Amino acid sequence: MKIASSSLIDTCDLFSGKWVHDNKGQYPLYKEDECPYLPGDFACLTYGRNDSKFQQWRWQPHGCDFPRFDGKAIVEKLRDKRLLFVGDSVNGNQWNSMMCMLHSSIPGKKRVSVGGLNGSLSTFRASGWISPEKREEVVEREAMKVESGDRAAGTGEDFNTSIDYYWAPMLVESNGDDPTNHHLDHRTIRIKSIEKHARHWVDADILVFNTYLWWRLPIIKLLESSGSLLGGLNQVYDEVDNLLAYKMVLETWSEWVHAHVDLSRTKMFFMGLTATHSRYDNGL
């Protein structure tokens, strides 16, 4: 079996594979009680789950093998870059896991800020570690800064890496945009209004989008008036089938991507349908 590398990306379909159980001692990649960033409602073992086998599953492509997760290598590749997860709590889970895996892998300073942009933006930054291969290069670069009088000299150990999560469960403006107060019995959206959120995405080097779970209600309201998305006496809206509304929003999103994302500079991924992570059904 081949190990997936940059030279194999074109020959191995990393998205065609299956989940396999791996109990060889490499998993989990982090321990809940050692990750200070994990919210309580995502800490299954802390809140009473008795088994830990669910932490030992990994993705196995059909044509090659992934190398073991290497936090130092990830941060090195993300130097001077911004990785941004956008979507609902599924991508929030991905962001939480990424933070915890990097925290346990990288010595030095890590910091997290939450609550930015009215609670929609959360950010993780890592600094304080330099690989042996990069150390000589960094020392030389810092020496040049000192010679030139650069006031930023001496900060070479900061990766200038940002790993962010932006809450936008339906991508466009919706009545679920509040990151904490969004447990409503209906979905209302502005079908063409994406810029309010999207203007905070444009500088990302890697974009990971997801949206699906919030579209499971059979009817979606498309707000046509200028009133509040949270309801009101003068609200004017159309009610449409959820799949049609989902398609319409993806068209809005796609138009924004083509207009604002330079795919020669920015890598982009989109995750659609996923299994629900909010219920426990029939023991599955």
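Placement of Cβ uses the backbone N, Cα and C atoms for every residue, glycine included.
Over in TrEMBL, the protein carries these features:
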- 11-65: domain 'Trichome birefringence-like N-terminal' (DOMAIN)
- 67-279: domain 'Trichome birefringence-like C-terminal' (DOMAIN)
Practice task
Helix, strand, coil: count each for the residues of the domain 'Trichome birefringence-like N-terminal' (11-65), based on DSSP.
Solution key: 10 helix, 12 strand, 33 coil
Completion exercise
Over the domain 'Trichome birefringence-like C-terminal' (67-279) the mean pLDDT stands at 82
